[in-house]
Amino acid sequence: MACALETLCGQAYRAQQYRKVGIHTYTAIFCLILVCFPLSLLWLYMGRLLVFIGQDPLISHEAVHIPLCWALVFKFELENIGGALAISISNWLNAIFLALYMWYSPACAKTRVPVATELFQGIGEFFRFAIPSAVMICLEWWSFEVLILLSGLLPHPELETSVLSVCLNTISTLYAIPYGLGAAASTRVSNELGAGNPQASRVAVYAAIALEALNTLIVSGILFASRHVFGYVYSNEKEVVDSVTSMAPLDCMSVILDGLQGVLQGVARGSGWQHIGAYVNLGAFYLVGIPAAATLAFWLQLKGIGLWVGIQSGSLTQNILLAIVTSCVNWEEQTVNTELH
């Protein structure tokens, strides 16, 4: 939902409407705090919910916790709870440091405004971009979570879940790079649209895609070259490591597809097309990816590999649709629409 600010703040800043940037930020903070309450209740009962839908009780219990962090897990012997606590503390520190930076940094001086009742006036506009943003992102990530749930229904669910979790954690970690490039593309595109520069917006898109193509070649090459030892980062069990090695080529393909869609979704956020991205992800993952994954895994008996190949067919569909949308954009018309907004 916070991705709505990439559209609102980016365009307002380049249009030199600095006060609106600050107000949009306060509006987002207020709205997201409200959203956190029902989400917290959901996490509180997540273990019971997973057992209710048929997952292995041991796996369901572990799914509530974030991966282990050394200091609290080993030093203080808090195990899984220590890992979750460490992540929570890190998130709070991150929020505090960012708030201090925004409040005291000279770079934010123009957009620093006192809290005012104006923030309530922008709630409707914020949710107009925030809800499609959340749907766009959540539909994609939830499809991978559905994949993990489906793996729990396969024979030997501990092995299948472990291997797919390794694959998911790997591409999630590597996705940080294209997500950063997508955020940069979003900022550049929204800035140039706000300034009325359609040609610069077009160039920003091409530059981001070119940079991501280079990143994809490097990252996927390193991942493939280290495929025989990479599994030991996550597990010492040879069966898991061997399965991870066999999945490495598919992981490399995932890196390529994730890289391109990360940039294209950044362009969508900067341009205010979150609703289009939501429709694309709905069709790509829930009409193509998940049905294909279930068919390959259960009907054709390909198990975990079938699940991963199926969901990547959804990613391929997503990339094709986003590329078509981006290539058909009239940037001059998009600039006019931004100015009217």
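Backbone N, Cα and C atoms are what each Cβ position is placed from, and that goes for glycine too.
Noted in TrEMBL for the protein shown:
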- 23-46: transmembrane segment (TRANSMEM)
- 81-104: transmembrane segment (TRANSMEM)
- 125-143: transmembrane segment (TRANSMEM)
- 163-182: transmembrane segment (TRANSMEM)
- 203-225: transmembrane segment (TRANSMEM)
- 276-300: transmembrane segment (TRANSMEM)
Feature contact check the transmembrane segment (276-300) with the transmembrane segment (125-143), CB under 8 Å, 3 or more pairs: yes
Chain residues in Cβ proximity to the transmembrane segment (23-46) (below 8 Å; excluding those fewer than six residues from its ends, i.e. six or more beyond): 1-2, 4-5, 8-9, 12, 63-64, 102, 111, 113, 115-116, 118-120, 122-123, 126-127, 130
Contact set, same chain, for the transmembrane segment (163-182): CB under 8 Å, 6 or more residues outside the stretch: 67, 144, 147-148, 151, 208, 211-212, 215-216, 219, 223, 230-231, 234-235, 240, 243-244, 247, 250-251, 254-255, 258-267, 269, 304, 307-308
Residue numbers, six or more beyond the limits of the transmembrane segment (276-300), whose CB comes under 8 Å of its CB atoms: 132, 135-136, 139-140, 143, 146-147, 150, 154, 265, 268-269, 306-315, 317-318, 321-322, 325
